[in-house]
Amino acid sequence: MSGSKPDILWAPHHVDRFVVGDSELSLYHIESAASPGSELKAGSLRLSEETIATLLAINSDTPYMKCVAWYPKYDPECLLAVGQANGRVVLTSLGQDHNSKCKDLIGKEFVPKHARQCNTLAWNPLDSNWLAAGLDKHRADFSVLIWDISSKYTPEVAVPTEKVRLAPGDSETCSVVTKPLYELGQNDACLSLCWLPRDQKLLLAGMHRNLAIFDLRNTNQKIFVNTKAAQGVTVDPHFHDRVASFFEGQVAIWDLRKFEKPVLTLTEQPKPLTKVAWCPTRTGLLATLTRDSNIIRLYDMQHTPTPIGDETEPTIIERSVQPCDNYIASFAWHPTSQNRMVVVTPNRSMSDFTVFERISLAWSPTTSLMWACSRQLYECTEEGKGSSSLDQDIATKMRLRALSRYGLDTEQVWRNHMLAGNDDPQLKSLWYTLHFMKQYAEDIDQKSSGNKGSLVYAGIKAITKSSVGTTESFRHSWTCSDRQADIVHYSSEERWLALQLCGWRTKGADADMGPFLNSLEQEGEWERAAAIALFNRDIRRAIQILNKGASTGKGNLNLNVVAMALSGYTDEKNSLWREMCSTLRLQLNNPYLCVMFAFLTSEPGLYDGVLYENSMAVRDRVAFACLFLNDSQLSRYIDKLTNEMKEAGNLEGILLTGLTKDGVDLIESYVDRTGDVQTASYCMLQGSPSDVLKDERVQYWIESYRNLLDAWRFWHKRAEFDIHRSKLDPSSKPLAQVFVSCNFCGKSISYSCSSVPHQGRGFSQYGVSGSPTKSKFTSCPGCRKPLPRCALCLINMGNPVSSSPGASKSDEKVDLSKEKKVAKFNNWFTWCHNCRHGGHAGHMLSWFKDHSECPVSACSCKCMQLDTTGNLVPAENVQP
């Protein structure tokens, strides 16, 4: 290393010691600093804010150093081999106390026949007496010499006495060895060396134009590959078959199991490389250094599964680090500290540097959060109040709702809100609206020959606009009351339908509110029931409901006060009753109690106190408007309320917009606000098939929800959703993805075998129906060639079989007696897309439960391993 840049070596068995060598060898001890700003002791260097290095010893007795290697065993602990410019290898030490064994080795020299530069040294990690040296080319000598350091002094004529270098001390104890244990690599230069850890007799050498693996058990043979990347060969300590080497600005990664070509080539900067080194504490992390650079480039080789037989390069994540501002002469990884290295500059300035680990974050579909940093794996857990926030996350809600089959009840549609937890008023309003729409659309379609049922799904906004010009006004008196004042009501067929959608009316022309009010009383909605009774001119029933609500165990005492106030109602404008009710209204918290007084104290046609009470349910406000507003007032109010619902994304507004484009706009605002693509998908599928389902937004919500179910591994739930979707929207039924055709004539077997031609695309048609009345198709209907045989039972495909090849014939008869429209899954055709072998699905499943290879003899295809999802199981039954 004389006249060259310094290099660093860590002690193999002392993680706090390292050597820096150039023209001399310096041994340092690294330790933690007392404090960042403390003064340094004499002979100490600050490497970082946390560490300092103290000089322990210096050895300047070995000039013309070109390479250094540290003895791999613990004893002797500070024995080093130094390769010199004349090809000699000298054993030396760093001023430590030595036992007799070490004293016999120190100063020992290993001299080649012909002098030339020693480029590299490598101790055998298993048999530590073997030391390999790589020399420059000589036409009459070998370039790879393996010395046995335990060899005795055997002087030869070829080594003149005056040329033998003696180490300091008694010359009688010094020795020179000139006979190497092995000589390899004739007529070529050796640039780098390393022993292969898997076998102590294998040596990898980077020669001038090739990489060669020498087996010391048979030195006449070698494995080699031609390449220019012969410098700096180094074995990955975590993967002994992976080797790195370099040439100029390129790094080659080799797999010794397939040594014909590099598995990966890394192109560096235009400047030539000076060093590459594998990280000893991290798998697949390679560091490289270029000449005259202050940057160390890191290559993180990711281990990703690839299909069998694919020759794909490993995924590489590249990054650069800058340990210091000056040019870096060399670096060395710390042998035990994670991602830690020491770098040295040409002027011997050193720095202790830690490469901060990339944090890999993983957020599972079930909201579990984990991340990896260094050798640690962390999991984020919720404690205390945090768990409630997780429960409120929409993803958690959608997952729980999917488990409860939310949205799939198409008969009693209103029950879906109960499957969602019955804790969201907007969802309750939505599903009741969809229930009423379905109910009355079917009722209208049965009574009329036209397509008026679709008007129901268009919403109340469209319904009320169609009633313009047909509305009649009536003056009605209070029911069961002596009041003389009349109230103006508006009525039409369309307004009646709107009241039905709001839930205020039932089927037929009967206007009896009794059942509806009774249901509200059962749910404890006393205030709402009383208000609706009052709006329908039944003040006596309203008072009775309030008194009944006040008498219950959890009744509100304000109900009695309101009931007493209602009993004194008078239509005189300047009465004391109106003045007191206006004051009382401001003191009430319940919106329905407030609107009752607002209604009674309002002028005819001026009901803003009721219509714009935002705490009141939208369906009740709309129903009230349909009763008491004329056509122009109703149209303006519905338009204004619809726009408010669309902007807020309030699901109660579906009553107004229906499942139209306005409804899609409203749902879009709702999804933007909540992320609930589940409700959006089921909602838009409820309506009769229309162009709305072709809207890109609707399709996006549906596909997003399907992807969510797949991510949760709810494959059965996703299949149920697809079936539900195809029933409500037949146009969404996908076309066949696979069909069976004859190898001889090319005609589709599925079309010919199907009893219903237009159903021939279904995959289930590839089996045999369970009905005993159907024919068995064991040959192609087109050319009469026999169908392939099952690889296990050897029966032609098309024959019904039992679930296992060894089952009795009686089992087959029992199976055939079951009348089904589609073939059982066990009878379906199935085959490997790689080797094309297959058979009955039931037999294949049974075989691959215990085997990984194809059941066909002489076929080594790993059929089951080709399916990356084969080992995954559904998670429908796993609670979050």
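Cβ coordinates come from backbone N, Cα and C, glycine included.
Cross-referencing Cys793, Cys859, Cys861, Cys863 with the Zn(2+) 2 binding residues that Swiss-Prot gives (His840, His843) picks out Cys793. Taking the Cα of Cys863 (Zn(2+) 3 binding site) as the reference point, the closest of the binding-site residues Cys745, Cys780, Cys783, His837, His843 is His837. When the binding-site residues Cys745, Cys832, Cys835 are screened for a Cα within 10 A of the Cα of Cys859 (Zn(2+) 4 binding site), the ones that qualify are Cys835.
Take the mean position of the Cβ atoms of Cys832, Cys835, Cys863, the recorded Zn(2+) 3 site; other residues of that chain with a Cβ within 8 Å of it are Trp831, His833, Asn834, Arg836, His837, Gly838, Cys854, Cys859, Cys861, Lys862, Leu866. Using a 10 Å radius centred on the Cβ of Cys783 (Zn(2+) 1 binding site) and all shown protein chains, the other Cβ atoms total 12. Long-range Cβ contacts of the repeat 'WD 4' (226-264) within its own chain (Cβ-Cβ under 8 Å, at least 6 residues beyond either end) map to 191-194, 196-198, 204-211, 213, 270-273, 275-278, 280, 283-284, 286, 288, 290, 299, 301, 313-314, 316. Using a Cβ-Cβ cut-off under 8 Å and counting only residues 6 or more beyond its ends in the same chain, the repeat 'WD 2' (113-157) has close neighbours at 66-73, 81, 83-89, 91, 105, 175-195, 197, 200, 203, 205-208, 214, 216. Remark: Cys742 (Zn(2+) 1 binding site) has Ser748, Ile749, Cys780, Gly782, Cys783, Lys785 as non-local neighbours, by Cβ distance under 8 Å and separation of at least 6 in sequence.
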